[in-house]
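Here's what TrEMBL has on this protein:
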| type | residues | note |
| --- | --- | --- |
| BINDING | B:Cys76, B:Cys81, B:Cys117, B:Cys121 | [2Fe-2S] cluster binding site |
Amino acid sequence: MTRLSSPEKLECARKDIVSRIDPTKPCISVCAGAGCLASGAAEVIAAFKTELEFHGLTTEVNTKGTGCPGFCERGPIVMIYPEGICYLKVKPEDVPEIVSHTIKEKKVVDRLLYEDPATGTRALRESDIPFYKNQQRNILSENLRLDSKSMDDYLAIGGYSALSKVLFQMTPEDVMGEIKKSNLRGRGGGGFPAWRKWEESRNAPDPIKYVIVNADEGDPGAFMDRALIEGNPHSILEGLIIGAYAVGAHEGFIYVRQEYPLAVENINLAIRQASERGFVGKDILGSGFDFTVKVHMGAGAFVCGESSALMTALEGRAGEPRPKYIHTAVKGVWDHPSVLNNVETWANVTQIITKGADWFTSYGTAGSTGTKIFSLVGKITNTGLVEVPMGVTLRDIITKVGGGIPGGKKFKAVQTGGPSGGCIPEAMLDLPVDFDELTKAGSMMGSGGMIVMDEDTCMVDIARYFIDFLKDESCGKCTPCREGIRQMLAVLTRITVGKGKEGDIELLEELAESTGAALCALGKSAPNPVLSTIRYFRDEYEAHIREKKCPALSCKEMIAFHIDPEKCKACGSCFRQCPAEAIQGGKKLIHIIDQEKCTKCGTCLDVCPSRFGAVRKISGEPVPAPVPEDKRAIA
Amino acid sequence: MDISRIDQIIDKHDGEASSLIQILLDIQSEHNWLPKEALKRVCERLQVPMSRITHIATFYKAFSLVPKGRHQVHVCMGTACHVRGAQRVLDTVQEVTGVKSGETDSDLKFSVETVNCLGCCALGPVMEVDGKHHGNIAPSQIASVLNNCE
Ligand SMILES: Cc1cc2nc3c(=O)[nH]c(=O)nc-3n(C[C@H](O)[C@H](O)[C@H](O)COP(=O)(O)O)c2cc1C
Ligand code: SF4
Ligand code: SF4
Ligand code: FES
Ligand code: FES
C-alpha cells in the first residue's frame, strides 16, 4: 500500500474507494462484536460464506463482520443492505432461508425481525426498533457502517479527513480552541474537561510529551470502550493523533486490557494499516508532523486504570498510583507531560473536529455536552450499549430504551459509575443523567456502566460486592484504603450472614469517612456504594440487622428453601436435580428438604413446575417443620 | 523449556526493560504460566532485578507462578453478571471440576479463575472456557460444557 503524502492524495484515494462501492450491491453484515461472537456470530458468518458459494453468489454479494451496534442481547445481528433489513438472534440454520428468500427473492423472513412484545408488530429496519429509535447514536452508529478490520471502509465514510483538516487548515491553538468550545469532558470517570489537561501539557516546557488512550475499562459491567476499540479502532487512533498534534506530542500509547484480545488485535491492525498509509509515522500526509504509537497490554489490575498507575505500568512496573502533587499532564510517563484520555473521549475528538464544536454542543446539557454511551445491563429487557444525549432521564433510558424490567419483576435500583459510583432508587428515576446531577445524587457517571437491579437484588449484598471487589483491587499501598476497605468488608459480610449488630450502620458511616483519606480515587470513592445504599435503602440494612431477614431473599446465609406440603404433587423434579441430595422424595410422597444438607443452590425452586409452585424461599422466619413420615402420602 | 524461544520473545520487544510486562504476558500466553528458568532469562537479558520481576508477576492477575491446567475456565464475577447469578455459576463450576477459584487440579486438567468483567456484560452471567465465551449460562448447562473438555 502506498503512503498518502498530501491531503489531495488522501481525497483521491477516498474517491477511488467510494467509486468502487456499488450502493445497490447486496451486502450482508454480521455483527462480529464480542457479544455476538459469544452467541455464535462466527458460525453465522461461516454459514453465509458456504451458502453464498453454494448459490454461486460470492462475487455478487458482499459480506462483512462489523463492530457492535449495541443490541447485544438479541445477537447475532445480521443487516441486509441496501434495504437495511435487520435480523436478530440469527442462527446458522437460518442462513439458507435468508439467502434464498431475502437475497435472491427480495422477501423478508418475518420471524427474524424484531417483534414489539406489547403490540406484536414487527420492525423491518433497525431505526424502527424502539431500542434504537430512542437513542442518538453519533458514535456507535459508525460501528455498523464498517468492517472493523478494513481501513478502506473507514476511509469510505470520511475517515482521516479530520486529521487532514487539523494538519493543513488548523494550528494546534485552533484545535485546542475547538475542543475547548465543545466543552468535551472526559468519558472515563471524573468528567474533567479535556482541553484543560491538553493545555497544561502543551504549556509544559518539556519538549518530550505523550498522549495516551486509556482502554483499560476496569469497570465491571461496562463494555463501551471494548465495542469502540474493536468496532472502529481507526476513529480512536485518529482522535489520538489529533490530540498529539494539539499538545505537541510525537509519541503515544494505547493501554488495552489483555482480557480483550480482539480489541488488542484490531487496534494493532489499525496501527499497521495507518502507518502503511502514512497517517502514523514520519511526515504524516506530508505535513512534517511525526507521530508513533505503541500498544501496551494491561495484565489484569483494576487500579491500573487510574491515571498515575497506568503511567507507571507503561514504564514496565507494577502499576501503583502515585501522589499527584504535580498533575500527570505535566509530569507523567518517565516524568514527561502526558495527556491521558478515555477511549470514548478520543472518539469524540474525531467527531468534534469533523463536525464542529457547535454541532457537538447541540446535544446534551450546558454543563455536560454531547452524547454518552451507557452499558445498560443487569435485570433489564433490552441489554446492550445505549448512546443518548446527556441530560436524558434515567427513566427514559430504562423504560423507553431498555424496555423495562423483565419477568414482571419490580425495579429496585440502578447502579451507575462502577465501584466508585452508587445506587439510585426508583424515586429518583426522573434524574437527568449528566456528570453533575449524578454526583449530586451520591453516585457518578464513571465510565457509563448502568446496572439495573430488580426486587431480587439485595442492596446490602451489592454494597458488600463492591467492597469485596475493591479489597482485591486495592494496591494496598496506603493504610486508609487498605484497612478501611477491609474493615468495611468485615462489617458488611457480618450483616449479610445474619450476624449484624445494632450500630453497624453507624460504624460503616464512620469507616467511610476515614477511608476517604486514601491516596487515589479507588480508596477515596470506595465508600460510595456503601453510603448510597445506606442513604436510599437503610430499611434493608435494618431488616438484616434487626429481623435477621434479607427482604430480597438473596443472602444465602439468611434464607431457606421449603416445600409447601399443600402444593407438592410429588413430580420428583426437584428430587432428581438437587445436587446435594438434600431432598427426600418418592412416588406419591410429599417431598421434604433436609435443611442440614441443603446448600441453598436454588435448583429446586427453578425446576419445580410453575403450575405447582411448591418450592418457597423464606427469610426472617423459622422454617416450618417437615411433614411427619406418616402424613407424607398424597391421596 | 526452550530458552531460545524466550530469547525470541525478548528480542521481539527489543530487549527493553520497559517492555517487561509485555514480555511476561507473551511468555505466559505461550506456557500458561511463568516458569522459573524463563524468569531467570528475562532477568539476565533485561538487567532488571529478580525482585522486580516477582513483584510484577504477583501484582498482576494475568500471571501465574505455578503451572496451569490444560483448560482455563474463567467465570465472570463483574457486576452485571453478579446480579444475574454469577455466584451460582461459580459454585457449579467448582463443584463440577472439583477446583476452587484460583486453583488447578492435580492432573492439570482444569484451572478455574474468576475475572472482573469479560466485556460481554449484556449476556451475563458469562463463563469463558479456553477463550470461548458462553453467555447467559445456566448452572444446569455447565456440566455438559465442561465434560466436553478432554
Ligand atoms: C481505580 C481507578 C480506575 C480507573 N479505571 C479507568 C479505566 O478503566 N478507564 C478509564 O478510561 N478511566 C479510568 N479511570 C479514570 C482515569 O484515572 C482517568 O481519569 C481517565 O482515564 C481520564 O480520561 P478522561 O478524562 O478522558 O475521562 C480510573 C480511575 C481510578 C481511580
Ligand atoms: S418439583 Fe415441586 S411438586 Fe414436584 S416434588 Fe418437587 S416440590 Fe413437589
Ligand atoms: S436449594 Fe439446592 S441443595 Fe437445597 S434442596 Fe434445593 S436443590 Fe437441594
Ligand atoms: S456484540 Fe453484536 S450487538 Fe453488541
Ligand atoms: S460483568 Fe460479566 S462480562 Fe461484564
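Every residue gets a Cβ built from N, Cα and C, even glycine.
All annotation found in TrEMBL is predicted automatically rather than curated by experts.
In the three-state DSSP classification, B:Cys81 ([2Fe-2S] cluster binding site) falls within a helix. The binding-site residues examined here are B:Cys117, B:Cys121; by Cβ neighbour count within 10 Å, the least packed of them is B:Cys117. Following the DSSP three-state reduction, the secondary structure of B:Cys121 ([2Fe-2S] cluster binding site) is helix.
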